[in-house]
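Listed features, source TrEMBL:
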{"type": "SIGNAL", "residues": "1-28", "note": "signal peptide"}
{"type": "DOMAIN", "residues": "39-148", "note": "domain 'Inhibitor I9'"}
{"type": "DOMAIN", "residues": "174-663", "note": "domain 'Peptidase S8/S53'"}
{"type": "ACT_SITE", "residues": "183", "note": "active site, charge relay system"}
{"type": "ACT_SITE", "residues": "258", "note": "active site, charge relay system"}
{"type": "ACT_SITE", "residues": "618", "note": "active site, charge relay system"}
{"type": "DOMAIN", "residues": "737-830", "note": "domain 'Subtilisin-like protease fibronectin type-III'"}
């Protein structure tokens, strides 16, 4: 009689349903039928190695060298016991596959043994069905794809005179803390990752046991006491036949640029000059410039990445002993199944949190739509993107005294110059094709007409698609000896947001179609034609470009960017709302300068440069990873939840004007469509780095609490057993009751009591409690005043009562003010309200 657990059946069936997404990738494996096979992640019932030892820190490390690998290539060796167990577990996986699939073709992609006991395997759906039937197997999930979601931000965050000063200066900020980056790799030659610091030494933390891969692209000596570990993971991609070892680099080297960028934001060295397109934009620094970097490359420029490789990277990072994991990646789709929390990546991260590792993830770049957040679980610290106060703007002043603002990291002109359109500057042999106005080929233009003038080009949809580039147009203008280059916006490019682009010569991009019309009308009206030949005999339009090299500073910062993904947190594939606040926080993510790979290909405009300006929640997450390293340095015994609490409860709620933080609400004209940010836009608020080092009170949560929360989800017991090897006990917990620094109630049915336990990590203090209630809800908090001694706890009782029926989310806040100056904020979010007295409201 066939028996299969409900969760396995569900995962297997979902795998079959989504199989169409993975067929036809061009696999050519001898060990599997490429026409029908897919990669599945298989979890076994027996617990992983980490559960036997109770922690993930390797004890009694020793150092050695082997062949070409130097002392700096292996900061410390993995213990013999863990090597033996890892090998043993892998052999058990092989034995199971041989027994179940006797004589059949299959390919084991990789084994997991530290955080998860399981493996990834390339098999057919029928073979997956056979594996799912085995009593040793607890769960099968089809592999899924994932995607990648600063010179001034340290000053904007107040680090030099705040958090860094408290840690003894930037020279020691983050010392002894290892941040693991699961990204596109790293360029080890960049000065942001050098350990050649005459001011401070870089002792490798004893608890870290990672190694440095040595390849042709990543030679011996690439790692040092700053970059203490580097590996790459591509087994799933190789199995699919889409990995190009030359293009994607079969090594930890970053051929994309994204991983180098994120690593330097969190932990890049202090005071590295930012020279781009020949212009100096200041000096760069990471948030924790003296912390250590460990790289686990699992994403690639040409295809992104896959969950099987990401899980392998997480597993290895935890085994190596990193203190923080930074993930600037998100899944390409919402996970199917019982709940969004039950997916291989989140489950692996749960085990990492159990080991004491603080996990940071980008919220995603799918905003501003509600429920667009792509980081779901309460044990993960999810970060949205905001602006900071430094902006680069330039403008063009026309000869009729009209000034038009624009975009461009370029110098200005020294006076008025004649404007000459590309379509009026063609040489006699140039074909008048529809793309000539994009200025991509200097050979098509008459240099005599362009020389010493401003070349007027068109920014078309081809620039958005990457078929044409500002860099090439700028080179065209240089080759023609133009005084500068001006781009007007093509009317077919609708609602595209431009980031500043570096140019060596004076230049400007006019992002507004209306402003572009004004420019072109002035230009055309100033032309003089020969009445007979209709040729242009005089270019009468003149203009002056004011430069975009010097930064301006805005008091309206921070504001939540339109692309930053929003809550409420979707609990399942039906997009039911979870009782968990997401995102947790926002941090600088827009127009962030940071290190760039020497062979980085993600942005054509920054190819060949050592720094790049990028935007996204990918840039926000490593800001928090670096700041978390400062907290970990200050409080080495803090749990991951305690670090998250310190960041959350101290977050800022006001911009530099003193007004509320705003959130952009639309992709088109975002600054004209904004309103005060809610917790579903910004979580607890904008990170306050200095206050987070002295939070006063923390709201702590344990691994057992997360387990009780997961066990409280209806039907979750077998799924949780599958992933963790642990059975659900009698005690379960609703998400509302998780001891977190926020309260989110997706459905308030009449009334609800919620408790939060606060722990005093400062000196003795007396707190006064105040609050504001969400619309349609009455709130009462007790006690209103309390004294809590150092190291002691205080329970807050929060009573919610629905005063009306309403299905619109509303928000409030609890504030605690201590007599020693500590301020603690707890955001409140209530979505559906059902009152005692039913009404038609």
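Residue numbering: from 1, along the chain as shown.
Just so it is clear, glycine is given a Cβ too, placed from its N, Cα and C backbone atoms.
Each residue in the domain 'Subtilisin-like protease fibronectin type-III' (737-830) gets a DSSP state, and the totals come to 1 helix, 63 strand, 30 coil. Annotated pair residue 258 (active site, charge relay system) and residue 618 (active site, charge relay system), C-alpha to C-alpha distance, rounded: 8 Å. Of the recorded residues, residue 618 (active site, charge relay system) and residue 183 (active site, charge relay system) place their C-alpha atoms 10 Å from one another. If you average pLDDT over the domain 'Inhibitor I9' (39-148) in this model, you get 70.
Note on residue 618 (active site, charge relay system): other Cβ atoms within 10 Å of its Cβ, all shown chains, come to 30.
Residue 258 (active site, charge relay system) is surrounded by 27 other CB atoms, counting those within 10 A of its CB over all protein chains shown.
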